Amino acid sequence: MRSWYQLCTAALLSSLVLEVRGNEVKIKEVNRQQCSGMFSRKGWGGAVDPFILTKFVKPEDIPEDQDPVVSLVMFEWSDREYVGKIMDDTASDRAYICDATAIEAKFCNTTEEGEFILSQDSEKSTSLIITQAVHLKNPPAINYPIKRTGYYCVGTYGYTTENYEGIVEFRNSYGELPAAQIAKLPFYGALTLVYALASAGWAFLYFQNRHDILPVQNYITAILVFLVVEIFMTWLFYDFQNRHGLSTGAKALLIVVSVLSAGRNSFSFFLLLIVCMGYGVVKPSLGRTMIWVRWLAITHFIFGVVYVIASLSVTPENAGPLVLLVVLPLAATLTAFYIWTLNSLNATMKDLMERKQTIKAMMYRKLWWCILGSIVVIFVFFFVNSWTLAGVSDEDFVPTHWSTRWFILDGWLNLVYLADVAFVAWLWRPTANNRRFAMSDEVFCP
(Lines of atoms letter the chains of each structure in order from A and count residues from 1; the text may use other names and numbers.)
(Lines give C-alpha, C1' and ligand atoms only; values in the text may rest on other atoms or scores of the structure.)
Protein backbone atom coordinates (compact mmCIF):
# COMPACT_ATOMS: atom_id res chain seq x y z
CA MET A 1 0.00 0.00 0.00
CA ARG A 2 2.78 2.39 0.85
CA SER A 3 4.24 2.12 -2.65
CA TRP A 4 1.04 3.50 -4.17
CA TYR A 5 1.35 6.43 -1.77
CA GLN A 6 4.91 6.96 -3.00
CA LEU A 7 3.65 7.14 -6.60
CA CYS A 8 1.22 9.91 -5.68
CA THR A 9 3.73 11.73 -3.48
CA ALA A 10 6.42 11.75 -6.15
CA ALA A 11 4.01 13.36 -8.59
CA LEU A 12 3.10 16.04 -6.06
CA LEU A 13 6.76 16.70 -5.28
CA SER A 14 7.63 17.00 -8.97
CA SER A 15 4.97 19.66 -9.36
CA LEU A 16 6.39 21.48 -6.37
CA VAL A 17 9.94 21.42 -7.77
CA LEU A 18 9.00 22.68 -11.21
CA GLU A 19 6.38 25.30 -10.37
CA VAL A 20 7.31 26.84 -7.05
CA ARG A 21 10.40 28.55 -5.77
CA GLY A 22 10.20 28.42 -2.00
CA ASN A 23 6.83 29.99 -1.11
CA GLU A 24 6.75 32.15 -4.24
CA VAL A 25 4.17 31.43 -6.93
CA LYS A 26 3.53 33.11 -10.25
CA ILE A 27 0.26 34.84 -10.93
CA LYS A 28 -0.91 35.80 -14.41
CA GLU A 29 -3.96 35.81 -16.68
CA VAL A 30 -4.12 32.01 -16.95
CA ASN A 31 -3.59 31.58 -13.18
CA ARG A 32 -5.52 34.52 -11.82
CA GLN A 33 -5.87 33.24 -8.27
CA GLN A 34 -3.31 31.69 -5.91
CA CYS A 35 -4.15 30.43 -2.43
CA SER A 36 -2.22 28.97 0.48
CA GLY A 37 -2.72 28.12 4.11
CA MET A 38 -0.98 30.48 6.52
CA PHE A 39 -0.21 30.29 10.23
CA SER A 40 -0.26 33.38 12.40
CA ARG A 41 2.88 34.08 14.40
CA LYS A 42 1.02 33.08 17.54
CA GLY A 43 -0.31 29.94 15.85
CA TRP A 44 3.10 28.38 15.15
CA GLY A 45 5.74 30.77 16.46
CA GLY A 46 8.68 32.23 14.61
CA ALA A 47 10.98 35.22 14.32
CA VAL A 48 9.01 37.45 11.94
CA ASP A 49 5.41 38.48 11.40
CA PRO A 50 3.89 36.45 8.54
CA PHE A 51 2.71 38.24 5.42
CA ILE A 52 1.70 37.86 1.78
CA LEU A 53 3.66 40.05 -0.62
CA THR A 54 2.40 40.61 -4.16
CA LYS A 55 4.62 42.28 -6.76
CA PHE A 56 3.71 42.74 -10.42
CA VAL A 57 6.34 42.81 -13.16
CA LYS A 58 6.48 46.07 -15.10
CA PRO A 59 6.02 45.35 -18.83
CA GLU A 60 8.89 46.54 -21.03
CA ASP A 61 6.85 47.68 -24.03
CA ILE A 62 4.20 49.97 -22.51
CA PRO A 63 3.34 52.87 -24.86
CA GLU A 64 3.70 56.32 -23.34
CA ASP A 65 -0.01 57.06 -23.65
CA GLN A 66 -1.13 53.85 -21.94
CA ASP A 67 -1.21 52.69 -18.33
CA PRO A 68 -2.33 49.03 -18.02
CA VAL A 69 -4.31 48.28 -14.87
CA VAL A 70 -4.70 44.97 -13.04
CA SER A 71 -7.40 44.46 -10.42
CA LEU A 72 -6.16 42.86 -7.20
CA VAL A 73 -7.93 41.42 -4.16
CA MET A 74 -6.41 39.67 -1.12
CA PHE A 75 -8.63 37.91 1.41
CA GLU A 76 -9.09 34.97 3.74
CA TRP A 77 -11.19 32.15 2.26
CA SER A 78 -13.98 32.35 4.85
CA ASP A 79 -14.49 36.00 3.83
CA ARG A 80 -15.00 35.27 0.12
CA GLU A 81 -18.72 36.07 0.42
CA TYR A 82 -17.77 39.71 0.92
CA VAL A 83 -16.01 39.91 -2.46
CA GLY A 84 -18.46 41.15 -5.11
CA LYS A 85 -22.03 42.42 -4.93
CA ILE A 86 -25.21 40.61 -5.94
CA MET A 87 -26.49 42.26 -9.10
CA ASP A 88 -30.20 42.07 -8.12
CA ASP A 89 -32.41 40.59 -5.43
CA THR A 90 -33.41 37.53 -7.43
CA ALA A 91 -30.19 36.51 -9.15
CA SER A 92 -27.10 34.93 -7.65
CA ASP A 93 -24.80 36.58 -10.21
CA ARG A 94 -22.30 38.98 -8.71
CA ALA A 95 -20.51 42.02 -10.01
CA TYR A 96 -16.84 41.67 -9.11
CA ILE A 97 -14.97 44.41 -10.99
CA CYS A 98 -15.62 48.12 -10.64
CA ASP A 99 -15.96 49.08 -14.31
CA ALA A 100 -18.18 51.56 -16.14
CA THR A 101 -21.20 49.26 -15.91
CA ALA A 102 -20.76 48.73 -12.17
CA ILE A 103 -20.29 52.45 -11.60
CA GLU A 104 -23.47 53.19 -13.56
CA ALA A 105 -25.32 50.60 -11.45
CA LYS A 106 -23.89 52.31 -8.34
CA PHE A 107 -22.12 49.19 -7.11
CA CYS A 108 -19.02 51.37 -6.70
CA ASN A 109 -17.81 54.89 -7.44
CA THR A 110 -15.30 56.39 -9.86
CA THR A 111 -12.52 56.51 -7.27
CA GLU A 112 -12.73 52.71 -7.01
CA GLU A 113 -12.57 52.03 -10.75
CA GLY A 114 -10.40 49.01 -11.56
CA GLU A 115 -10.70 47.54 -8.07
CA PHE A 116 -12.59 44.46 -6.97
CA ILE A 117 -16.01 45.33 -5.57
CA LEU A 118 -16.66 44.56 -1.90
CA SER A 119 -20.10 44.00 -0.42
CA GLN A 120 -21.63 46.62 1.85
CA ASP A 121 -21.14 44.49 4.96
CA SER A 122 -17.49 43.65 4.21
CA GLU A 123 -16.49 45.28 7.50
CA LYS A 124 -17.88 42.14 9.17
CA SER A 125 -15.09 40.06 7.65
CA THR A 126 -12.94 38.11 10.10
CA SER A 127 -9.73 39.20 8.36
CA LEU A 128 -8.53 42.15 6.34
CA ILE A 129 -9.66 42.40 2.72
CA ILE A 130 -7.42 44.41 0.40
CA THR A 131 -8.63 45.52 -3.03
CA GLN A 132 -6.57 47.72 -5.32
CA ALA A 133 -6.21 48.81 -8.93
CA VAL A 134 -2.54 48.24 -9.72
CA HIS A 135 -1.02 50.45 -12.42
CA LEU A 136 1.65 48.45 -14.22
CA LYS A 137 3.67 51.52 -15.24
CA ASN A 138 4.80 51.76 -11.65
CA PRO A 139 3.47 48.71 -9.78
CA PRO A 140 3.91 48.86 -6.00
CA ALA A 141 4.56 45.87 -3.76
CA ILE A 142 1.36 45.11 -1.85
CA ASN A 143 1.85 43.66 1.62
CA TYR A 144 -0.92 41.75 3.37
CA PRO A 145 -0.22 41.10 7.09
CA ILE A 146 -1.38 37.78 8.54
CA LYS A 147 -2.99 38.21 11.95
CA ARG A 148 -4.85 34.90 12.22
CA THR A 149 -4.37 31.37 10.94
CA GLY A 150 -6.37 30.65 7.80
CA TYR A 151 -6.46 29.94 4.08
CA TYR A 152 -5.60 33.10 2.16
CA CYS A 153 -6.08 33.91 -1.51
CA VAL A 154 -4.74 36.49 -3.95
CA GLY A 155 -7.07 37.13 -6.89
CA THR A 156 -6.32 39.20 -9.99
CA TYR A 157 -8.05 40.34 -13.17
CA GLY A 158 -6.64 42.14 -16.20
CA TYR A 159 -8.79 45.27 -16.13
CA THR A 160 -7.22 47.05 -19.10
CA THR A 161 -4.66 44.45 -20.16
CA GLU A 162 -4.72 40.79 -21.05
CA ASN A 163 -1.05 40.13 -20.39
CA TYR A 164 0.40 40.59 -16.94
CA GLU A 165 2.64 38.66 -14.60
CA GLY A 166 3.42 38.87 -10.92
CA ILE A 167 4.94 37.03 -8.00
CA VAL A 168 3.09 36.20 -4.79
CA GLU A 169 5.17 35.30 -1.75
CA PHE A 170 3.43 33.50 1.11
CA ARG A 171 5.87 34.14 3.96
CA ASN A 172 5.28 32.36 7.26
CA SER A 173 6.89 33.38 10.52
CA TYR A 174 8.85 30.17 11.10
CA GLY A 175 10.67 29.86 7.74
CA GLU A 176 10.30 28.83 4.11
CA LEU A 177 8.16 25.68 4.36
CA PRO A 178 4.55 26.00 3.21
CA ALA A 179 2.15 26.05 6.14
CA ALA A 180 0.51 22.86 4.90
CA GLN A 181 3.83 21.00 5.35
CA ILE A 182 5.37 22.51 8.48
CA ALA A 183 3.80 19.85 10.72
CA LYS A 184 5.97 17.27 8.92
CA LEU A 185 9.05 18.77 10.56
CA PRO A 186 8.25 17.75 14.16
CA PHE A 187 6.50 14.60 12.90
CA TYR A 188 9.57 13.23 11.11
CA GLY A 189 11.79 14.41 13.95
CA ALA A 190 9.74 12.40 16.44
CA LEU A 191 9.59 9.44 14.04
CA THR A 192 13.39 9.46 13.73
CA LEU A 193 13.69 9.37 17.51
CA VAL A 194 11.22 6.47 17.77
CA TYR A 195 13.09 4.43 15.16
CA ALA A 196 16.41 5.24 16.85
CA LEU A 197 15.10 4.04 20.23
CA ALA A 198 13.64 0.89 18.66
CA SER A 199 16.96 0.22 16.94
CA ALA A 200 18.82 0.74 20.21
CA GLY A 201 16.56 -1.79 21.96
CA TRP A 202 17.07 -4.26 19.12
CA ALA A 203 20.84 -3.69 19.22
CA PHE A 204 20.87 -4.46 22.96
CA LEU A 205 19.07 -7.79 22.42
CA TYR A 206 21.24 -8.53 19.39
CA PHE A 207 24.44 -8.02 21.41
CA GLN A 208 23.14 -10.08 24.32
CA ASN A 209 22.41 -13.02 22.02
CA ARG A 210 25.08 -12.36 19.38
CA HIS A 211 26.18 -16.01 19.32
CA ASP A 212 22.66 -17.26 18.62
CA ILE A 213 21.48 -14.95 15.81
CA LEU A 214 19.35 -16.18 12.92
CA PRO A 215 20.03 -14.99 9.34
CA VAL A 216 16.61 -13.32 9.13
CA GLN A 217 17.46 -11.27 12.22
CA ASN A 218 20.44 -9.80 10.37
CA TYR A 219 18.04 -8.56 7.69
CA ILE A 220 15.80 -7.03 10.36
CA THR A 221 18.86 -5.32 11.87
CA ALA A 222 19.74 -3.89 8.46
CA ILE A 223 16.27 -2.50 7.79
CA LEU A 224 16.08 -0.87 11.23
CA VAL A 225 19.36 0.93 10.59
CA PHE A 226 18.17 1.85 7.10
CA LEU A 227 14.92 3.26 8.48
CA VAL A 228 16.74 5.50 10.96
CA VAL A 229 18.82 6.92 8.10
CA GLU A 230 15.87 7.27 5.70
CA ILE A 231 13.53 8.99 8.16
CA PHE A 232 16.35 11.26 9.37
CA MET A 233 17.13 12.29 5.78
CA THR A 234 13.43 13.04 5.25
CA TRP A 235 13.45 15.27 8.33
CA LEU A 236 16.69 16.88 7.12
CA PHE A 237 15.08 17.69 3.76
CA TYR A 238 12.16 19.53 5.38
CA ASP A 239 14.46 21.27 7.87
CA PHE A 240 16.80 22.39 5.06
CA GLN A 241 13.90 23.62 2.95
CA ASN A 242 12.48 25.51 5.91
CA ARG A 243 15.82 27.28 6.40
CA HIS A 244 16.87 27.87 2.78
CA GLY A 245 13.76 27.43 0.65
CA LEU A 246 13.51 25.02 -2.27
CA SER A 247 17.09 25.72 -3.36
CA THR A 248 19.41 23.49 -5.36
CA GLY A 249 20.54 21.83 -2.13
CA ALA A 250 16.94 21.12 -1.12
CA LYS A 251 16.18 19.64 -4.55
CA ALA A 252 19.24 17.39 -4.24
CA LEU A 253 18.02 16.24 -0.82
CA LEU A 254 14.58 15.64 -2.32
CA ILE A 255 16.07 13.27 -4.89
CA VAL A 256 18.09 11.46 -2.20
CA VAL A 257 14.98 11.08 -0.02
CA SER A 258 12.94 9.79 -2.97
CA VAL A 259 15.59 7.18 -3.81
CA LEU A 260 15.84 6.13 -0.15
CA SER A 261 12.06 5.83 -0.03
CA ALA A 262 12.13 3.55 -3.09
CA GLY A 263 14.81 1.52 -1.30
CA ARG A 264 12.69 1.33 1.83
CA ASN A 265 9.74 -0.04 -0.12
CA SER A 266 11.82 -2.70 -1.88
CA PHE A 267 13.65 -3.71 1.30
CA SER A 268 10.38 -3.91 3.25
CA PHE A 269 8.69 -6.14 0.68
CA PHE A 270 11.81 -8.30 0.45
CA LEU A 271 11.98 -8.77 4.23
CA LEU A 272 8.27 -9.50 4.55
CA LEU A 273 8.47 -12.07 1.75
CA ILE A 274 11.39 -14.05 3.19
CA VAL A 275 9.79 -13.95 6.65
CA CYS A 276 6.55 -15.34 5.22
CA MET A 277 8.57 -18.05 3.47
CA GLY A 278 9.77 -19.20 6.88
CA TYR A 279 13.39 -18.17 6.38
CA GLY A 280 15.42 -18.69 9.55
CA VAL A 281 12.57 -20.16 11.60
CA VAL A 282 11.10 -22.93 9.44
CA LYS A 283 13.80 -23.20 6.76
CA PRO A 284 17.52 -22.66 7.36
CA SER A 285 17.92 -21.62 3.73
CA LEU A 286 15.70 -20.67 0.80
CA GLY A 287 18.13 -22.04 -1.77
CA ARG A 288 17.77 -20.64 -5.27
CA THR A 289 14.46 -19.07 -4.28
CA MET A 290 16.43 -16.42 -2.37
CA ILE A 291 18.12 -15.41 -5.64
CA TRP A 292 14.75 -14.83 -7.31
CA VAL A 293 13.48 -12.87 -4.30
CA ARG A 294 16.54 -10.64 -4.39
CA TRP A 295 16.16 -10.04 -8.12
CA LEU A 296 12.51 -9.09 -7.61
CA ALA A 297 13.49 -6.62 -4.88
CA ILE A 298 16.26 -5.13 -7.04
CA THR A 299 13.90 -4.84 -10.01
CA HIS A 300 11.25 -3.15 -7.87
CA PHE A 301 13.87 -0.72 -6.57
CA ILE A 302 15.11 0.11 -10.09
CA PHE A 303 11.58 0.75 -11.35
CA GLY A 304 10.91 2.86 -8.25
CA VAL A 305 13.98 5.02 -8.90
CA VAL A 306 13.05 5.35 -12.59
CA TYR A 307 9.59 6.52 -11.57
CA VAL A 308 11.05 9.08 -9.16
CA ILE A 309 13.41 10.46 -11.81
CA ALA A 310 10.60 10.62 -14.37
CA SER A 311 8.20 12.32 -11.97
CA LEU A 312 10.80 14.92 -11.01
CA SER A 313 11.72 15.58 -14.65
CA VAL A 314 8.33 15.65 -16.37
CA THR A 315 5.39 17.78 -15.30
CA PRO A 316 2.00 16.02 -14.99
CA GLU A 317 0.67 18.13 -17.88
CA ASN A 318 3.37 16.82 -20.25
CA ALA A 319 3.43 13.21 -19.07
CA GLY A 320 0.94 11.74 -21.54
CA PRO A 321 0.50 8.02 -22.23
CA LEU A 322 4.24 7.38 -21.92
CA VAL A 323 3.85 7.56 -18.14
CA LEU A 324 2.39 4.05 -18.34
CA LEU A 325 5.81 2.76 -19.41
CA VAL A 326 7.07 3.85 -16.00
CA VAL A 327 4.05 3.07 -13.84
CA LEU A 328 3.12 -0.37 -15.19
CA PRO A 329 6.48 -2.11 -14.48
CA LEU A 330 6.44 -0.76 -10.92
CA ALA A 331 2.84 -1.90 -10.48
CA ALA A 332 3.76 -5.33 -11.86
CA THR A 333 6.60 -5.90 -9.38
CA LEU A 334 4.40 -4.61 -6.56
CA THR A 335 1.65 -7.07 -7.51
CA ALA A 336 4.19 -9.89 -7.71
CA PHE A 337 5.33 -9.11 -4.17
CA TYR A 338 1.75 -9.09 -2.84
CA ILE A 339 0.76 -12.39 -4.45
CA TRP A 340 4.01 -14.17 -3.59
CA THR A 341 3.95 -12.95 0.02
CA LEU A 342 0.37 -14.03 0.72
CA ASN A 343 0.83 -17.41 -0.95
CA SER A 344 4.07 -18.02 0.96
CA LEU A 345 2.48 -17.13 4.29
CA ASN A 346 -0.44 -19.49 3.70
CA ALA A 347 1.91 -22.29 2.61
CA THR A 348 4.14 -21.84 5.67
CA MET A 349 1.18 -21.85 8.07
CA LYS A 350 -0.28 -24.94 6.40
CA ASP A 351 3.05 -26.77 6.63
CA LEU A 352 3.48 -25.93 10.31
CA MET A 353 -0.05 -27.01 11.20
CA GLU A 354 0.36 -30.31 9.35
CA ARG A 355 3.57 -30.99 11.29
CA LYS A 356 1.90 -29.99 14.61
CA GLN A 357 4.35 -27.10 15.14
CA THR A 358 1.85 -25.04 17.13
CA ILE A 359 4.27 -22.49 18.63
CA LYS A 360 5.82 -21.56 15.29
CA ALA A 361 2.40 -21.64 13.66
CA MET A 362 1.19 -19.19 16.30
CA MET A 363 3.99 -16.77 15.33
CA TYR A 364 2.91 -16.83 11.72
CA ARG A 365 -0.75 -16.61 12.69
CA LYS A 366 0.09 -13.38 14.54
CA LEU A 367 1.92 -12.12 11.46
CA TRP A 368 -1.15 -12.95 9.36
CA TRP A 369 -3.35 -10.95 11.74
CA CYS A 370 -0.85 -8.08 11.59
CA ILE A 371 -1.05 -7.96 7.79
CA LEU A 372 -4.84 -8.27 7.85
CA GLY A 373 -5.11 -5.57 10.51
CA SER A 374 -2.99 -3.21 8.43
CA ILE A 375 -5.20 -3.78 5.39
CA VAL A 376 -8.34 -3.18 7.46
CA VAL A 377 -6.91 0.03 8.95
CA ILE A 378 -5.98 1.29 5.48
CA PHE A 379 -9.45 0.60 4.08
CA VAL A 380 -11.22 2.07 7.12
CA PHE A 381 -9.12 5.21 6.93
CA PHE A 382 -9.76 5.41 3.20
CA PHE A 383 -13.51 5.08 3.83
CA VAL A 384 -13.47 7.77 6.52
CA ASN A 385 -11.53 10.13 4.25
CA SER A 386 -13.94 9.48 1.38
CA TRP A 387 -16.91 10.13 3.66
CA THR A 388 -15.32 13.36 4.90
CA LEU A 389 -14.62 14.48 1.35
CA ALA A 390 -18.18 13.69 0.28
CA GLY A 391 -19.52 15.91 3.07
CA VAL A 392 -17.62 18.98 1.91
CA SER A 393 -18.00 20.80 -1.38
CA ASP A 394 -15.05 20.60 -3.76
CA GLU A 395 -14.10 24.25 -3.36
CA ASP A 396 -14.18 24.05 0.44
CA PHE A 397 -12.20 20.85 0.93
CA VAL A 398 -8.66 22.23 0.67
CA PRO A 399 -9.42 25.48 2.56
CA THR A 400 -11.01 23.42 5.35
CA HIS A 401 -8.42 20.64 5.59
CA TRP A 402 -5.19 22.31 4.42
CA SER A 403 -3.52 22.02 7.85
CA THR A 404 -4.28 18.30 8.28
CA ARG A 405 -4.11 17.10 4.68
CA TRP A 406 -0.44 16.14 5.15
CA PHE A 407 -1.50 13.51 7.69
CA ILE A 408 -4.10 12.08 5.30
CA LEU A 409 -1.55 11.85 2.48
CA ASP A 410 1.55 10.94 4.44
CA GLY A 411 1.46 10.79 8.23
CA TRP A 412 -0.91 7.93 8.96
CA LEU A 413 0.75 5.60 6.44
CA ASN A 414 4.04 6.13 8.23
CA LEU A 415 2.39 5.24 11.54
CA VAL A 416 0.89 2.04 10.09
CA TYR A 417 4.29 1.14 8.67
CA LEU A 418 5.95 1.84 12.05
CA ALA A 419 3.45 -0.43 13.81
CA ASP A 420 4.08 -3.23 11.30
CA VAL A 421 7.87 -2.98 11.59
CA ALA A 422 7.69 -2.89 15.39
CA PHE A 423 5.41 -5.94 15.44
CA VAL A 424 7.64 -8.00 13.14
CA ALA A 425 10.76 -6.97 15.06
CA TRP A 426 9.10 -7.98 18.34
CA LEU A 427 8.03 -11.40 17.02
CA TRP A 428 11.47 -12.13 15.57
CA ARG A 429 13.53 -10.41 18.30
CA PRO A 430 16.84 -12.04 19.34
CA THR A 431 16.40 -14.36 22.33
CA ALA A 432 18.35 -17.13 24.01
CA ASN A 433 18.40 -20.44 22.13
CA ASN A 434 17.23 -18.82 18.87
CA ARG A 435 18.86 -21.43 16.67
CA ARG A 436 17.70 -24.35 18.79
CA PHE A 437 14.10 -23.14 18.59
CA ALA A 438 14.32 -22.46 14.86
CA MET A 439 15.84 -25.77 13.83
CA SER A 440 13.98 -28.07 16.24
CA ASP A 441 10.49 -29.57 15.95
CA GLU A 442 7.94 -29.92 18.69
CA VAL A 443 7.40 -33.50 19.79
CA PHE A 444 3.74 -34.44 19.46
CA CYS A 445 2.54 -37.01 21.97
CA PRO A 446 -0.82 -38.59 21.03
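Cβ atoms are placed via backbone N, Cα and C, with glycine included.
Features reported for this protein in TrEMBL:
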- 1-22: signal peptide (SIGNAL)
- 31-172: domain 'PTM1-like N-terminal' (DOMAIN)
- 184-435: domain 'GOST seven transmembrane' (DOMAIN)
- 187-207: transmembrane segment (TRANSMEM)
- 219-238: transmembrane segment (TRANSMEM)
- 250-279: transmembrane segment (TRANSMEM)
- 291-310: transmembrane segment (TRANSMEM)
- 322-346: transmembrane segment (TRANSMEM)
- 367-387: transmembrane segment (TRANSMEM)
- 407-428: transmembrane segment (TRANSMEM)
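Beyond its flanks by at least six residues, the transmembrane segment (407-428) meets 1-2, 5, 8-9, 12, 183-184, 187, 191, 194-195, 198, 202, 214, 216-217, 220, 223-224, 227, 268, 271-272, 275, 280-281, 363, 366-367, 370-371, 374, 377-378, 381, 385, 401 of its own chain at Cβ-Cβ distances under 8 Å. If one looks beyond the transmembrane segment (322-346) by at least 6 residues along the same chain, the residues whose Cβ comes under 8 Å of a Cβ in the stretch are 3-4, 7, 269, 272-273, 276-278, 296, 299-300, 303-304, 306-307, 310, 314, 364, 367-368, 371.
Note on the domain 'PTM1-like N-terminal' (31-172): its mean pLDDT in the predicted model is 88.
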